[in-house]
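> Annotations for this protein, taken from TrEMBL, read as follows:
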| type | residues | note |
| --- | --- | --- |
| DOMAIN | 24-303 | domain 'Sugar phosphate transporter' |
| REGION | 307-343 | region 'Disordered' |
| TRANSMEM | 12-36 | transmembrane segment |
| TRANSMEM | 48-68 | transmembrane segment |
| TRANSMEM | 80-97 | transmembrane segment |
| TRANSMEM | 133-151 | transmembrane segment |
| TRANSMEM | 157-177 | transmembrane segment |
| TRANSMEM | 189-210 | transmembrane segment |
| TRANSMEM | 230-252 | transmembrane segment |
| TRANSMEM | 259-280 | transmembrane segment |
| TRANSMEM | 286-303 | transmembrane segment |
Amino acid sequence: MSAIRFDSTKQYYATSSLVAGYALCSSLLAVINKFAITKFNYPGLLTALQYLTSALGVWVLGKFGFLHHDAFTWDTAKKFLPAAIVFYLAIFTNTNLLRHANVDTFIVFRSLTPLLVALADTTFRRQPCPSKLTFISLLIILGGAVGYVATDSAFTLTAYSWAFAYLVTITTEMVYIKHMVMNLGLNTWGFVLYNNFLSLMMAPIFWVLTGEYKEVFAALGANGGDWFEPVAFTAVSLSCLFGLLISFFGFAARKAISATAFTVTGVVNKFLTVVINVLIWDKHATPFGLVCLLFTLAGGVLYQQSVTGPPRESPASKQTGDIDENDADENQDKSVSGKHASV
């Protein structure tokens, strides 16, 4: 019995560490990307550099034996390609949203995803329906978001078009990639390698479709030296580094918790993002808008309280049949991680 309790506690803290790592990277990356895009106004190229850093970093570290990743095969790549496309679209719309809107607007639309992911999780992945408390917390998130949008003085059609595109793609990405994590059987670094390498291969297509390549070549011809200006270079470098870190912690956390809990984690950690944003920029929401934003994040905290609790022993769970959404996903995750070594 004590061995079971020890294993349960160990698993609980391991999962908590992964979630905390993802939360920290996610909260900082939004601000870092906003800063990078103001100094390096090429969203397609910025994301491509992030993919290159992540894919190349995993490959090089794997070659030197610092980590283990699944071997790259085209058969597996074909299976993962739809998820990579959705992921690329989510990051692409995210970067363009930050290009045209302030960080607060990004956070509010990011906060709407738990409600949509919970519904999609139930509909497409046959997860249990949210409890009443959980659903109320998700509605609080929605109410805070609506209040923010209604008072957003920086509203523009371009910014909100990208916001709605981001909302659709990030919701799809959260559910579909969770499905791939559960069924494809790669280890965490394998997912990072496949996801970023395939996304890098898609980057030229979007450069052509958006016409950004013309801006890039024009800038290279006019003032290419400015690209290595210390502030811009540092911002892009930090963006790439945190892109690699969030790739690892993101996939590791997806394997440890449910899609909706993972989504809400990405919302709750934005408390830190809000504080940093208010301190370093003057282009943020009005006081009432910030109240609505904090109201939205509070809904995320309430959600987290409604679906999580202290670690429980497996026998007791089986006797009572009390298995919530996170436990169901965790049991499935163990069957996957049991077949493949973790990092």
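Heads up, the Cβ atoms here are built off N, Cα and C, so glycines get one too.
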> Taking the transmembrane segment (80-97) as the reference, which of 48-68, 189-210, 230-252, 286-303 gives the largest number of Cβ pairs under 8 angstroms?
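Counting Cβ pairs under 8 Å, the winner is 189-210.
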> Considering only the recorded stretches 12-36, 48-68, 189-210, 230-252, 286-303, state which has the highest number of Cβ pairs under 8 Å to the transmembrane segment (133-151).
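If we count Cβ pairs closer than 8 Å to the transmembrane segment (133-151), 286-303 scores highest.
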> Averaging the per-residue pLDDT over the domain 'Sugar phosphate transporter' (24-303), what integer do you get?
80
